[in-house]
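Each remark here refers to the structure printed beneath this line.
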């Protein structure tokens, strides 16, 4: 999986790098060996939400076994131990017991601007801070060691959603072209992307440069509506409630920040009412989608 995420992040870096500036070095992912979880989303830059999910607190129990911990699953940052009555329970993992990272790509930066050796170290530390103000504020910020992120200027921020929107459209077209028997898209999604794909083939001889992104968005506006809805649906998973939390955004924003310095400001300003959640209407507005074109039924 490490190789897969490394490949897709490279792909995303190439697709998203701002043409007016040098691409930031790609400082990749946070991967630890955890039980396989159901894949969330099919966006190739979107890292499995399980890697960053701070909100799923279920501790599942199955049939008793010799070792009660074998079938007792704990969330990230916790490990299973048994008490005096041989009952399994989840306790915070000691960060010193985490495996040593093997490269820079395993390091992550927290919102405390501290570099953690791996996701294991980060979540174990966060667990020990549960119930404290510091722990409540601590989240995974981005993949790779902490580094200087240049401020996002107003003119750069205005271009960012156009570039991301164009990229989302291209991601969907690519999935459609590769989706013969892979079930990357469901049937309803394929029907919506089919028209976008046909239009893309017609326009493939002309691809927009940065200064032409606005013109392309205005001219081909209808081609951007579904990709924006689709990406929202890919992220809105825990729970599926029509709102994106910081945790739900992490699979997309964490790989982007080292490559796109406007990522944090963009998502912060998407939260128009500043309630720490991004509703579909706020998300669509951030990408320039008109209010009358926002449709919950488009998230299929």
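Note that Cβ sites are derived from N, Cα and C of the backbone, with glycine treated the same way.
Pulled from Swiss-Prot, these are the features on record:
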type     : residues                : note
BINDING  : 271, 273, 275, 277, 282 : Ca(2+) binding site
DISULFID : 69-80                   : disulfide bond
DISULFID : 74-90                   : disulfide bond
DISULFID : 92-127                  : disulfide bond
DISULFID : 98-120                  : disulfide bond
DISULFID : 109-146                 : disulfide bond
DISULFID : 152-262                 : disulfide bond
DISULFID : 270-286                 : disulfide bond
DOMAIN   : 68-90                   : domain 'Follistatin-like'
DOMAIN   : 86-148                  : domain 'Kazal-like'
DOMAIN   : 258-293                 : domain 'EF-hand'
CARBOHYD : 113                     : N-linked glycosylation site
SIGNAL   : 1-17                    : signal peptide
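By the criterion of other Cβ atoms within 10 Å of the residue's own Cβ, the least surrounded of the disulfide-bonded residues 74, 127, 262, 270 is 270. Distances between the Cα of residue 273 (Ca(2+) binding site) and those of the recorded positions 80, 113, 127 are shortest for 113. Taking the centroid of the Cβ atoms of 271, 273, 275, 277, 282 as the Ca(2+) site, the other same-chain residues with Cβ within 8 Å of it are 243, 270, 272, 274, 276, 278, 279. Listed in sequence order, 243, 244, 245, 271 are the same-chain residues at least 6 apart in sequence whose CB falls under 8 Å from the CB of residue 277 (Ca(2+) binding site). If you compare Cα positions, residue 90 (disulfide bond) sits closest to 69 out of the recorded positions 69, 113, 282, 286.
Per-residue pLDDT, averaged over the domain 'EF-hand' (258-293), rounds to 95. Using a 10 Å Cα-Cα cut-off around residue 146 (disulfide bond), the disulfide-bonded residues 98, 120, 127, 270 reduce to an empty set. When the Cα of residue 270 (disulfide bond) is compared against those of the recorded positions 69, 74, 109, 282, the shortest separation belongs to 282.
Looking at residue 152 (disulfide bond) and residue 286 (disulfide bond), their Cα atoms lie 16 Å from each other. Among the recorded positions 92, 109, 127, 275, the residue whose Cα lies closest in space to that of residue 262 (disulfide bond) is 109.
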